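Take a look at the structure set out below.
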Amino acid sequence: MHPLRKGSVILTQLESNSSLANIFGGPGFESLSHGRQGPLLVANRGEIAIRIIRAAHELGMKAISIYSHEDRLSMHRYKADESYQIGEQGEYSPVGAYLAIDEIVKIAKQRGVSAIHPGYGFLSENAEFAAKVEAAGIAFVGPTAATITACGDKTKARDLAIKAGVPVVPGTDGPIATFEEAEDFIEKYGFPVIIKAAMGGGGRGMRVVRDAASLPHLFERAQSEALAAFGDGTVFIERFVDKPRHIEVQLLADGEGNVIHLYERDCSVQRRHQKVVEMGPALNLPEEVRQAMLEDAVKLAKASNYRNAGTAEFLVDQQNRHYFIEINPRIQVEHTVTEEITGVDLVSSQIRIALGETLKELKLSQESIILRGVAIQCRVTTEDPLRNFQPDTGRIEVYRSPAGQGVRLDGGPGYGGAVITPFYDSLLVKCTCTGRDFDAARRKVLRALTEFRVRGLKTNIPFIIKLLTHPTFVFGGRIWTTFIDDTPELIAGAYSQSRGQKLLRYLGELVVNGSRVKGQVGYPTLQTQVQIPTLPGIPKERSATPCQTGWRNVLLEKGPKGFCQAVRAHKGALIMDTTWRDAHQSLLATRVRTIDMARIATTTSHALQGAFALECWGGATFDVAMRFLWEDPWDRLTTLRKLVPNIPFSMLLRGANAVGYTSYPDNLIYAFCKKAVEHGVDIFRVFDSLNYEENLRLGIDAVVKAGGVAEGAISYTGDVSDPNRKKYDLAYYLDLTDKLVADGIHILGIKDMAGLLKPRAATMLVGGIRKRHPDLVIHVHTHDTAGTGVASMLACYEAGADIVDVAVDSMSGLTSQPSLGALVAALEGTDRDTGLHFDKVQAINSYWEQVRLLYSCFDPGLKSGDSGVYLHEMPGGQYTNLLFQSQQLGLGDAWIEVKKAYATANRLCGDIVKVTPSSKVVGDLAQFMVSQKLTEQEVIDRAEELSFPTSVLEYYQGYLGEPPYGFPEPLRTRILEAKGLQKVEGRPGANMPPLDLEGLKGDLVEEYGEKSVRDVDVISAALYPKVYEEFRHAQDIWGDLSVLPTQYFLTPLKVGEEFSFELDQGKKLFIKLMAIGPLNEATGKRDVFFLLNGEARVVAIQEEVTEKSGGGGSKPSRAQADSRDKSQVGAPMSGVVVEVRVEPGSEVKVGDPIVVMSAMKMETIVNATVAGTVGDVLVKPGESLNAGDLIAKIDKK
């Protein structure tokens, strides 16, 4: 580029296409312009500038463009043969540059142009510009200045129509300056009225007023908008015609008074008076009305001595009466519709007429204009329909456009890498499609729109598709100007998937910032795809399809009671495999993803055909799926159910807590169970963390009413074989069993969550229950923490149990369930043979051996069992999770102390049953004690001043129910009174009002769109509001991550690495990482370059400076609280600040909340340790803290 400076004008000539540009006007491409020679200057930007440049080139003319500094990278600049910047940077506003009349004319004169085409908008209707162009001896491509004045001023055009006998809508006699003048008109004609800018169009400066109260405000808005858009704030008022059609007639006139029409266009589909979809010719328009409008349009053009192209615009009311509203003395955005149905190049004709040619010389006459089919134009914009069409700005990451017969695209900034700025309108491209009839054209537009791929910015394409498929539009019905506003369902759910690009954004995050998954340490040991085994004796093709026979057939045929009778009558031992839920919760922090279960699902349906059930849902898997894996738990259930139709599915239901950690309104529990059954759950293991019968009874009743199998569970703790243990003896469990049977359970579950059930105790407990309830199905669950699991389960069978829980070998042992393979082998050939084939079990095990390596980054590294569980009584699932949490909270080195503290915390809670969520209470308290270096006695002595975790406080309040042997007193009362907390009596959820599920659904629909909110989404949001919100946010950014192979979900790609996967049935993506760009110091982002199916893609990723999971980075240092100074409030543990409850100057007393912190699901309220006035507050919501970091200072009283 060669910059030339002349005054305030920067001239920049492009040479990149000079060799090709030389053909214009050369041999074989001679100019068709008569008389004047010289290039054409385009006084516009974007799409219309490119359209005019193309027309000039086709006429053999060179084209010159102008641009603002903000448009220096725009396509119209380098489509032209020469381009020149208007003014120095900052001299003009982005819009002002295109309104700089004198500068534009100066460039035109310097470059010796023969004509200037103003396009539409900007100066296209400015009479002063037209006059100065003509005065400079340059042809103005448009009407004369006098005509622009006569037609461009809406009030003068109205007078012209009245004189010509053309019907008009009642309106003011001329422009008005104050709303008092408007009131005079309204007094005569009434509401509604419409205020219009006298000098403009495109919906700007236009307001509909329906009542007197809004008149002053809307009048003022219309004036200011007209002044900003057109440099003239003059407005006038008309009677508003309700639900009219907007029909415009295309006119073409030469300089000798000859005028023709090129038929009409229907521009009724508008939003805020901005046209969205245009078509021609108009449908369902009576022929006499059409002809009257065409004749009136020509009549007006002749009356105004019109020259060049223009449109006469009419409203057609519901009685098919037409009213003239304005003449637009310029080319229209939708001129492409007319070009397609008539074959006339309007822009080329404009230029030739401006240079002196007549319609006759152009071989255009009224008789020669013949309609050819139907054309529909859609304006594709970078607007977000779900955000009230808010314009979106930024870089286009991907741009792929449609093509094919009958598809025409007129674009401006549409290309990959283009930057859409906020300075101009949001039009990206016009898509005009032509068909033999209306439906053919409509279908072609829909096909074209689906071929677009625009990524990086929101577009209105989904909205247009909804519009074109709406019944009113489909059947050629009557569309009116407020159709979009009157049809809100067009907006709901109008969103684009952008699935591939969203996944690239996640992969880019992984490359730049490391793993996104909380709790991940390092990367998987296995970096290849897990191989699916072949089952002995079953062809691979057969095992790839679901097995159709199994225990679920019995359940579906006979119902829950008949099913249980069949189980009792069964002679062999039955097993439930927990691999898909409790096993990976116990060993791999609940992080196993749906994709890895689904890949082995059909094979499992054959290998474990005789299994009683598969435990695959509920418990912690529900929230962890959303919270850490960004998967929908309901989708997991649906997916697995389709692949395993023959084996019953079991889930863990926390009684009145459903799958949450707190109490909920009763109607939510019933709704949850109903939906769970509908989506594939058969058996519900209903338990309560305190064995509180009221909570158990609610869950059992909800399951029975939903049609599920109710397995009421007694949570086992203590040791029934130890006569010295005074709590939780055999009598206690027998009594609880009697109550559950009375409550209507189908199956009794014995939930030994810590693995405390020794073989002798198992014989006593199961034998005692069997003796009392000979027909009751008994199902035993344990953990193998101490290593006695298989022995205990064999003892359970001998004592009369029907079913026990096991896990495949590689997912068993330690804190998980006993080994499936060991149990099958031990019983093989006996009266209690499981009926499962050992070799098939081993084949399944070979798959999970690989999966363990794939999830090695979540493996806590336990090397052996821990018989110390008989002392600390920590549940198996919690054991590994608590170890992991302790490591995350900086307590990993103190794990032995945590286990000791767990036993102490249990005593402080009153020696309770420990299972989620009560186990969480004990675990939170244990970690709190270790982090604060507190002894049991110190907790008792300092109970009033300590900032206990929220879960502990809620337990003491009674939100989990009542423990079997009561709360520890006076400790409980002292803590609650110091914190000003109330005790909860009875079942916590009993007094909760019903949750308004329909109201919640309405809120979610408003937020996410109707199509993306199901009834199960409402339940998820009700159970976990914050988690669900974050899950939806992650989906919005990254899309459906469940389709990514796990090794690429957890491990960053290396440059040059490529992989492929199925996005959907028959849709395979190939992704390759090409490069990682340097850090942009100004934005803090890196560009990451990929190939997606061979197409270059780029995503910009914000580089994080905080600690990253999976390696890298460090947190900024913070001031530390002095533990000896009670005026300094410190973080009791590592975590994130959720809420700050005070500000500098707040008055606090001992125990008042200062901040709320959260760490690994544990929420803690940090309280004031002294009374006084808050001084400095050093933290904000969202900030991460380490234990001991200074939170605030309090000036003591």
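Glycine is treated like the rest: Cβ placed from N, Cα and C.
Listed features, source TrEMBL:
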DOMAIN    36-489  domain 'Biotin carboxylation'
BINDING   LYS154, GLU238, HIS273  ATP binding site
ACT_SITE  ARG330  active site
DOMAIN    573-842  domain 'Pyruvate carboxyltransferase'
BINDING   ASP582, LYS751, HIS781, HIS783  Mn(2+) binding site
BINDING   ARG654, THR916  substrate binding site
DOMAIN    1118-1195  domain 'Lipoyl-binding'
MOD_RES   LYS1161  N6-biotinyllysine
Using Cα positions only, nearest of the binding-site residues to ASP582 (Mn(2+) binding site) (GLU238, HIS273, THR916):
THR916
Go through the binding-site residues HIS273, HIS781, HIS783 and tell me which ones have a CA within 10 A of the CA of THR916 (substrate binding site).
none
If you draw a 10 Å sphere on the Cβ of ARG330 (active site), how many other Cβ atoms land inside?
29
Between the binding-site residues GLU238, ASP582, whose Cβ has more other Cβ atoms within 10 Å than any of the rest?
ASP582
From the centroid of the CB atoms of LYS154, GLU238, HIS273, the recorded ATP site, which same-chain residues not already listed sit within 8 A by their CB, in sequence order?
ILE194, ILE195, LYS196, ALA197, MET206, PHE236, ILE325, GLU326
May I ask which of the recorded positions GLU238, HIS273, ARG330 is closest to HIS781 (Mn(2+) binding site) if we compare their C-alpha atoms?
HIS273
Looking only at Cβ atoms, how many others are within 10 Å of the one on HIS783 (Mn(2+) binding site)?
31
Which one of these binding-site residues, LYS154, HIS273, ARG654, LYS751, HIS781, has the sparsest Cβ neighbourhood, judged by other Cβ atoms within 10 angstroms?
HIS273
Work out how many Å separate HIS273 (ATP binding site) and the residue listed as 'active site' at their Cα atoms, rounded off.
18
Averaging the per-residue pLDDT over the domain 'Pyruvate carboxyltransferase' (573-842), what integer do you get?
95
Whole-number Å only: compute the distance from the Cα of ARG330 (active site) to the Cα of LYS154 (ATP binding site).
14
What count of other C-beta atoms do you get within 10 angstroms of the C-beta of THR916 (substrate binding site), across all chains shown?
24
